[in-house]
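Only one structure is covered here, and it is reproduced in the block below.
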Amino acid sequence: MNKITPMMQQYLEIKEKYPDALLLYRMGDFYEMFMDDAVTASGLLEIALTSRDRQSEVRIPMCGVPYHAAEGYIARLVSAGKKVAICDQVEDPRKAKGLVRREVTRVITPGLVLDAQNLAAKQPNYLAAVSNSTAGERFGLAFLDVSTAEFKMVEIESREALLEELIRVSPRELLLSDDDEHPWAEELPKLYGIALTPLGADRFDGKRAEEALVGHFRVHSLEGFGISGMDLGIRAAGAILAYMQANLLGSCDHITRLLPYSRGDFMIVDEAGVRNLEIFHSQSFQGRKGSLIDILDETKTAMGGRKLQQWLRYPLLDLARINNRREAIAELAANAPMRGETLGLLSRISDVERLNGRNSTGTSTPRDLVALKKSLQNLPALGAALAELTSPRLSELRARWDDLADVADIIERTLLDPPPPGLAAGGVISAGVSEELDHFVRLSRDAKGWMADYEVQQRRDTGISSLKVRYNKVFGYYIEISNANLNSVPEHYFRKQTLVNAERFITEELKTFETQVLQAEEKRLELEQQIFADLRARIAREAGRIQAAADRIADLDCVSALAEVACRYDYCRPVMDESDAIRIRDGRHPVIEHYLKDGTFVPNDLDMDQRDQQVLVITGPNMAGKSTILRQAALIVLMGHIGSFVPASEAHIGLVDRIFTRVGASDDLARGRSTFMVEMQETANILHHATPRSLIILDEIGRGTSTYDGLSIAWAVAEHLHDFQEKGIKTLFATHYHELTELARSRPRVRNFNVAIREWQQEILFFHKLVQGGASRSYGIQVARLAGLPEEVTGRAREILQQLESGHAPFAAAPSGAARRGRPAREKEPGIQMSLFQRSPEWLRDRILALDLDNMTPIAALQNLHALKEQIRGSAGEEPASCASRGKR
């Protein structure tokens, strides 16, 4: 049986404490992984899997990554949803007696990332936790970005709403009690990249959670946080705190607030809406480019970019808060010099939030603190700029402005600028900070001069002109003499090393000097590390002030950026109120107009309310611009609710509580859902959750099934939205079912619109203008021709269309080319009935035969004749079931 080595025994003891993590074990210049960890990591990192003790009967799988490049590999493991424990050597190997002591110095999980290179600058990185009631129908959700100290909680009344909120928050990691079953969470890793981490049920205990929160915030109770009675939210927040403290292995004093919120305070745009409106991700560009945030984000700081994203995820429903933002944007938009100065100063500021987070958790470097200092040095000028502004939001920012000059000053006086990347080599602390340190620095610095003088002296004393005095980290200080001069070596020289062409020696004098210098160097490094640790602690005590300042910087950055966008693209300041109106003049799509040549985007007006124009049925061919008009209306409403100016010449927007979209059609293979099932589930979600305050965007309903079924469903959905709670719901309904225009006859608040086109010399001209009335034709063949279908296909399609429009079934065309050889030509072949409402003739015969002409007055006969004529001409009349059944065949 193989004996376990001391090193492997140490590894196993440490690994036992972190069974759910990949343990990176420092050995010299590498981090090594063993056993199952090695197998997992080698696959994820695409590195070689080897083995330890190859001569042994039992080989131990092993892989490793270079120490200097470890962060990149760690980032890949964490991105794959893995928990990583970093085990470092915590004593100098040269001083170790036996095995070098090692300890886990940090644990990194998907939701607990602090290193800047492992984080997207303008994206939050949330760790979330969910607790549930005994019945499992009420939930508490808490989430924390440890890198920025953002800590929030909410209580939710249904499983469906919980999933909706989780998708909106988009955490990287979700903590769940291992005592409960969570079938609703099973698809989260696959569909949304959320890593699930089971946690002991005791971590979700209400009393334990409250004690943990009270202890962390150093308060007597949680009443001041406004979370009294939110037991489920407190349990979730307590679980996050316990998990963070167990894994970060450091202080988290920068987390100073826990903010509760209510879903009812914000507009909800569900997952389909976020995707279809391309708020954060463009389907065309497959990334941020081409999305709404890509157009709006002119922020200059990382924390400003994150706050703008938060505004878009949580649009406001409070008019006072909306107006507060909008007035600040208006003031900056009207003052170009001030806006330019503000944006210029903001561009010099680093990510203060995350620098503060790293410092508070004890992971900041000298470069981090110098970056913090340089950022804070811009705050006095920003504060002076704010003094000239008068809008309520900006005046409040100025009143609470903190220059943090004392923090910047202490860093300035303590650290050299620029500093080295780390502390290992020293050279970090400024002269004058410590007399003792200055003494050791002089000793280290003067060593080179002493060596040069000593070399001159030894050459003179020995007569060896080629004698050299040198130093390296392995052998220390030495005298090197070539083999040709060995006969001249004095007796007080002691041989230290033999080379091919020379010998290296040491003297008592050189040995004494070496001891003094090395001790001085060691003392210098120890002192520098202690002074830096003291500086870290001093700055950490100001974490709350720094966090508050970062939040104000982000706020100023957001309103300045939106003011810049408003001026650059000629946006207007919308009127926002509690009415049910949406009135837009010259509305534009903010993204599409950006990518079109100047002046080529066609603006459109839109008028909606719940009294006159509530359901707008929009018809017209593909490529006419229906989808653009629908999406731009939703985006303008959304932008109004974050306080932004909007792309229009005028806009009046009544508060909207939800925006729903049903756009496009595609399979959802990941969930095993067909195109039609996806369409119907999205439509069902709209019908179940929309309110009279909602805005609904429907871009085709019923395309994924047969024409009859599709039209029937679309018709019923439109009726339901019109009639809902007698008020109805504001709806933009684009469709190719021209039959839906008949709804305007039976529903008073349905209005027909079409996107104007003209046909000229068999070409179709798109005007992209929304006009009243339904479209008379779909122009599908012309669009197909523009798409490049062969002329023989589009020509044949025109023939068939003419036959259908004349009420005749199409006849098969004679085959051409090889298909015709050996077959007798037939002038025409029988077709099938294809018109949607075309009836078989039996119903007309039956109706005429049923007339009692002998007992009918002339007037009654005319009335019956007129009724038959209308039924023949009409397309929406209802026939007997037997006739309809035959018509479908």
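Including glycine, each Cβ sits where the backbone N, Cα and C put it.
Model, not experiment: these values are computed from the prediction.
Pulled from Swiss-Prot:
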BINDING   Gly620, Pro621, Asn622, Met623, Ala624, Gly625, Lys626, Ser627  ATP binding site
REGION    812-831  region 'Disordered'
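Overlay of Swiss-Prot feature records on the structure.
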residue : record           : Cβ within 10 Å
Gly620  : ATP binding site : 27
Pro621  : ATP binding site : 21
Asn622  : ATP binding site : 16
Met623  : ATP binding site : 17
Ala624  : ATP binding site : 26
Gly625  : ATP binding site : 26
Lys626  : ATP binding site : 26
Ser627  : ATP binding site : 20
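Other than Gly620, Pro621, Asn622, Met623, Ala624, Gly625, Lys626, Ser627, the residues of this chain whose Cβ falls within 8 Å of the Cβ centroid of the ATP site are, in sequence order, Ala734, Val755, Phe766.
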